[in-house]
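Student: Before we start, here is the structure in question, set down as structure tokens.
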4 protein chains.
Amino acid sequence: MTPTPTIPSDAELTELRREFHRNPEPGWCEFRTTVRIVEELERLGVDEIHVGPDALDSDERLGVPDDDVLAEWYERAAAETDRTDLLEQLEGGHTGAVAVVRNGEGPTVGLRVDIDALPITESTDDDHRPVAEGFRSTNEGYMHACGHDAHITFGLGVLRTVLESDFEGTFKVFFQPSEELLGGGKAMASGPHIDDVDYLFGAHVGLDVPVGTVVAGLDEALALSRMAVTFEGESAHAGLAPNEGRNAVQAFIAAADNVYGIPRHREGNTRVNVGQLRSDNAANVIADRVTASIEVRGESTELMEYMRDAVRRYVDAAAEMHECTAEIELTGESIRQDCDEELVELVSGTVTDRSDSLSLVRRDALAASEDATYLMQAVSENGGAATYLGIGASNPSGHHTPRFDVDEECLPIGVEVLSASVLQLLS
Amino acid sequence: MTPTPTIPSDAELTELRREFHRNPEPGWCEFRTTVRIVEELERLGVDEIHVGPDALDSDERLGVPDDDVLAEWYERAAAETDRTDLLEQLEGGHTGAVAVVRNGEGPTVGLRVDIDALPITESTDDDHRPVAEGFRSTNEGYMHACGHDAHITFGLGVLRTVLESDFEGTFKVFFQPSEELLGGGKAMASGPHIDDVDYLFGAHVGLDVPVGTVVAGLDEALALSRMAVTFEGESAHAGLAPNEGRNAVQAFIAAADNVYGIPRHREGNTRVNVGQLRSDNAANVIADRVTASIEVRGESTELMEYMRDAVRRYVDAAAEMHECTAEIELTGESIRQDCDEELVELVSGTVTDRSDSLSLVRRDALAASEDATYLMQAVSENGGAATYLGIGASNPSGHHTPRFDVDEECLPIGVEVLSASVLQLLS
Amino acid sequence: MTPTPTIPSDAELTELRREFHRNPEPGWCEFRTTVRIVEELERLGVDEIHVGPDALDSDERLGVPDDDVLAEWYERAAAETDRTDLLEQLEGGHTGAVAVVRNGEGPTVGLRVDIDALPITESTDDDHRPVAEGFRSTNEGYMHACGHDAHITFGLGVLRTVLESDFEGTFKVFFQPSEELLGGGKAMASGPHIDDVDYLFGAHVGLDVPVGTVVAGLDEALALSRMAVTFEGESAHAGLAPNEGRNAVQAFIAAADNVYGIPRHREGNTRVNVGQLRSDNAANVIADRVTASIEVRGESTELMEYMRDAVRRYVDAAAEMHECTAEIELTGESIRQDCDEELVELVSGTVTDRSDSLSLVRRDALAASEDATYLMQAVSENGGAATYLGIGASNPSGHHTPRFDVDEECLPIGVEVLSASVLQLLS
Amino acid sequence: MTPTPTIPSDAELTELRREFHRNPEPGWCEFRTTVRIVEELERLGVDEIHVGPDALDSDERLGVPDDDVLAEWYERAAAETDRTDLLEQLEGGHTGAVAVVRNGEGPTVGLRVDIDALPITESTDDDHRPVAEGFRSTNEGYMHACGHDAHITFGLGVLRTVLESDFEGTFKVFFQPSEELLGGGKAMASGPHIDDVDYLFGAHVGLDVPVGTVVAGLDEALALSRMAVTFEGESAHAGLAPNEGRNAVQAFIAAADNVYGIPRHREGNTRVNVGQLRSDNAANVIADRVTASIEVRGESTELMEYMRDAVRRYVDAAAEMHECTAEIELTGESIRQDCDEELVELVSGTVTDRSDSLSLVRRDALAASEDATYLMQAVSENGGAATYLGIGASNPSGHHTPRFDVDEECLPIGVEVLSASVLQLLS
């Protein structure tokens, strides 16, 4: 029989989740969010808290926004908190936190949750619960449309549960920034807190699974690489001297045209797409600049890398062909890391023990990309084990849509299943 | 000997030009400009004035901006004039005017000048004369950077000169909107006022010709066609269901890639360029929309049409290939129409008569596109004759640059040469 | 216990195989081969033999060679046989045969074998057994490099075995032409002899499986479609009048460029390739003709059809773009049809019963395309069951290579396993 | 008054022309042709004759055929002549000859004629004069379809005339091989015989000009560069392992697609075309080899070079993109060199003096490419003067067509006009 921990009340969890829902912040701009997490951790009496540059490897952050965007969100957060001491540590997009609690000898168990929101305008429909019950996003144009508000709540709820239990060993909660951009996972996995973790849990709410159902292991995340590509050439008058230009549009076309044709791979499925084109030169000017975003995926990390390396070669050759230069900035990346059977088994047991109230799906495919995989891989490579749970939430509308929401019953379920799993390892 | 008309004082012309320079408005938004022209015409006692829909064929306007842009400029103009009676006639981008004066029997002579400005931010350098002498653009971001302020002044100055002379026949001045977009020439040539014109003059200041030099005939305007192209497809998740999209980026690429390769033509030079790319879909979404601007040119009208028709075919086929739709909106077009020798000869004589103060270039190539050609063609097709003059202005910086300016001595020169030429035909 | 039929002697089978090996003929040119098969059938006393147009649906043949090629092979065959009566039925590429034997009441069981060879020049190495033992190909440039000589032997051997056994029901052997081109499967499946088949067996030797091992069910054949594409435009002098041409090279490029970028599909892997380019116009002539071969594949029939339909659309649109015409001739096609568990089980039992001499692989993936799938699908759709066996042959060199050969021990094994399986159903 | 030289009889010239017409040989294979020219030169008593490697710079030859092609034509010639001494000097494609005659002090005058034929099958129509009068090509598939047979006749006829006249100075006749491929001009201009030439004449018959009309200066030859391009990659099975190939078809497409879009040039017209595609890999194999021919032209030598350099850059970048290699072999090239007014004037005078029988066109455009320009440029660069004449020939069908022929009256006219022009300079 798995432990039956004392979890926080439903109301407490709901209140937490709704506060975070009301205040969504995008990747690397989670200033207020990080401050509030730390305040809650302090309230729980956690005395080892790492934030910002101490929580992750800042050099490995991907897709950090421009300074003016960071500054705008920073100011917004500064207007709402007096914890300048904390905020200053986060300046420049060093968001996120790691909480650590220790008690005697025992293994080190980790829980990773993500904390960022999406650039989506939340629905104003009266029957959208956040509207009806008054916790709609107050940052217009941004929204917790993927459930990370619930994930933060899981992190805080499980931490409180563990603290209130007899446990032996160490428990760490990774509040990871910038998952939506696939920008924070690698930075946190390269940071100083993952190396001694023996067991790692991750979790996602929703995913079109009904509340009460738990997936013990979500596998097959698509590995993904996203690149911001800039071609620069030289302008010239398109009528008078077309040959004097170096045409960034032609370079872009040569690259984009060919990347869609990167050879299919014997080892499995790949993906490629080009988006966010932008070139501002008028049509009577040979364009000196084109920007675009290119995204590739693979069933495996190797397939993603095959595609990413091809994109780089194609982009460089296309630039050379048209005497332009090309810059490729990696703005997001994730790998594939499947769950370890050992932990899938452990979580499955936890769920089965509650089979009167919960349904189990042992393993399922995660039809998406996810950068928790970096932390899972780090743990696995160190000889540890990791799994990534799905916590059903009967979400009324798909992820990344304006009417996304979760059945808040998922909150105590997630906290309980995760806590029970963690405590089984720490007792 | 050509007539020696009484032209307005230099100071008067300079003042007019500076007022227009201070108040630049882009194509189809010349609301204040048109009102001020009409006020000046009224002051001169012109009693036949056609504005807006009566001045041109509204259906033939190309490149009319979106309603909100029109509305913004309209409001700006409304704030500065009490001539609501006039403004209301112009609403919706029906700008421009035609002034007509008649006296007895005689031929009908026309003068065409253009009145629009450019979306260029004027220099703030202290040594830029409009700054030094206080007539810099007050519409930030817009500028008379091609000398149309001088052209309006020519139109009004020549009209006053003609009115003050003994003349026999009819004189019309066409104040044409939206030349920079190549959007107004065809509309004015399709309007009701060109058909009875026996002789037409056009003129351009500057063009890197020193003040005091006059070109009697500018030929070889490149025929041009500019198209706003929109590809629409259908979005799909680029990772989960790429095949369910209809990829507007791929359609755009197939079109743009191929239009650069439209076969060269035996009859002469052609041009093609693609600019202003825009697709906002993120790279994880198959793009459902791409917009771009495609511009083609030819040494002759036929070559331009060859290119334009090819673009249409290529765009349609590319859309079909990728199951998208394509819309092509013609946003500007001009033809080639060379000057008639008869009028080049007449203008040359006018200049030669003033050879102590003026230098003559008989004919030169106009290395640009120009939609006065539509009016010139209309006159020629009716058996009349047309020419397009260059009035040297020692401009310190190239056309379409932030420091463009003209030596204002060009103003009386232009008025005198044009008036003398017109009056020679009307006496 | 499965039946233990009396199979022909190893020597007899080896002799048959070697005769066919010596006389390879490519798809739809199996004139001599078909005649020899019929002679053997007659020798065995089979009295219901269908050849040529009676054996399959001639209209469904794909990839039939040009008349002059057919004529050349026909003449070659005619020089070696006096069975003009038979040959005449085959004229024009109507090769292949179906043999039927009936005895009392019982189910109808079918065996499908393919009979064509490849355009490969057989090795002349002394240690290549067909050289060493004197049965190398006598049709220089052609070779049984995929083991169809063994397949014909299976067909004849199993038929003799069945005839020599007590059996109840009907047994049909389909000697299918033109498998290498994927040109004959659909024609035979559309012919008049498959509809009443309750159980169908197919088999392939080799596939890098050691002799003595039998695979009871080969699945996952890649569905394939192969198209001969011809673009026709109009020539013009590339220097003097490039615009007067309609450039078939540009049309080809637009098509080929884009087909490599047909969107990846959510349902699984796809393939696309372009080969056999040919355009004979000199570079100073706008090309009026380009031919190429385009091949697409999919993990499923639907995926292949998705790719094939896209190729058609792309080719047509590319032709239209460049004012050319395009013709697409389907020259080969195969589908995916996996084996029915019922027959895999039956064959597995047959092999297991001989486990002292044979090893069983229950199911394996067929990493290739195969048009036996059409006959398998026809049987399945009629409520019957089909399987496709792999008969290990320890082939010393890969399929489709000049040194391909089989360990002839595979011959009695194949005949025995197939006969036992057939007879179990017919007793 | 220009000299009135004694020219050979019409019959003699006709006989010569017909003999060469009967024996056409393509570029660098003019073995028999060169031998026969030398025999004629010897008969005329020319004692300074340079052939093969002594006549031109062998290293600068472009487009020399493969050894087996050379050998075949060599053998064919060897079968028809006993002048093995001469033939051996020509072996390996060192064809062509330079004849020099000297007499006292005086300028050096040159005449350049070309001697190669085309891979065109001559008409067999009864009303095609070479058929009717028995001098149709005896080298089936090859034909003097551009009049070089007449040009050789000019060379020999003018030489005889000069020899029979009083002349002072040096006269050289350049019998240039391989003009049709644009392969011999540069080699001859780089050879040892052009540097001291003060005046150079070239001539072309036909060009749709009636017999009796002479063009004194043909200008505006299009500069041309022709490249044989080979892409090499690596094969792989297109179904099983497409990613393991390096696709030469994709590299070719990327290059060809983009070269059609090389930017138009401000200085004038350019051309580009791709032809002779060939890739033999079947569609189920990733192609490891594609060959094609790319040809570019320009109104000027600089424009041609701009295009040629772009092709090189594009081809290299496309190969790199797809990890292939590319080889670019220059197989033909010509430049633009217009005629010197001094010689146009001189030739014009010659024609005007014969205005009862001849009509003059002073200058006209040569709507083609021509490598006599290399020799003309060499002479001009040394301070000399050159012109290129058109000798009307009322050709009944266009150049490079199976029914091309010349009115043989052009022969004495060409010889007379050229001789008179040459002798005017040498007297």
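Each residue, glycine too, has its Cβ placed from N, Cα and C.
Taken from TrEMBL, the feature Mn(2+) binding site covers D:C146, D:H148, D:E180, D:H204, D:H400. Feature annotation from TrEMBL assigns domain 'Peptidase M20 dimerisation' to D:226-319.
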Student: Counting across all protein chains shown, how many other Cβ atoms sit within 10 Å of the Cβ of D:H148 (Mn(2+) binding site)?
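Tutor: Its Cβ has 27 other Cβ atoms within 10 Å.
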Student: On the 0 to 100 scale, where does the mean pLDDT of the domain 'Peptidase M20 dimerisation' (D:226-319) fall?
Tutor: 96
Student: In the domain 'Peptidase M20 dimerisation' (D:226-319), how many residues does DSSP assign to helix, to strand and to coil?
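Tutor: Across the domain 'Peptidase M20 dimerisation' (D:226-319), the residues distribute as 34 helix, 32 strand, 28 coil.
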Student: Inside 10 Å of the Cβ of D:H400 (Mn(2+) binding site), count up the other Cβ atoms and send me the figure.
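Tutor: The answer is 15 other Cβ atoms.
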Student: Using the Cβ centroid of D:C146, D:H148, D:E180, D:H204, D:H400 as the reference point for the Mn(2+) site, which residues of the same chain not in that list have Cβ within 8 Å?
Tutor: D:D114, D:D116, D:L118, D:H144, D:A145, D:G147, D:E179, D:H399
Student: D:C146, D:E180, D:H204: which of these binding-site residues has the sparsest Cβ neighbourhood within 10 Å?
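Tutor: Among the binding-site residues D:C146, D:E180, D:H204, the sparsest Cβ neighbourhood within 10 Å belongs to D:E180.
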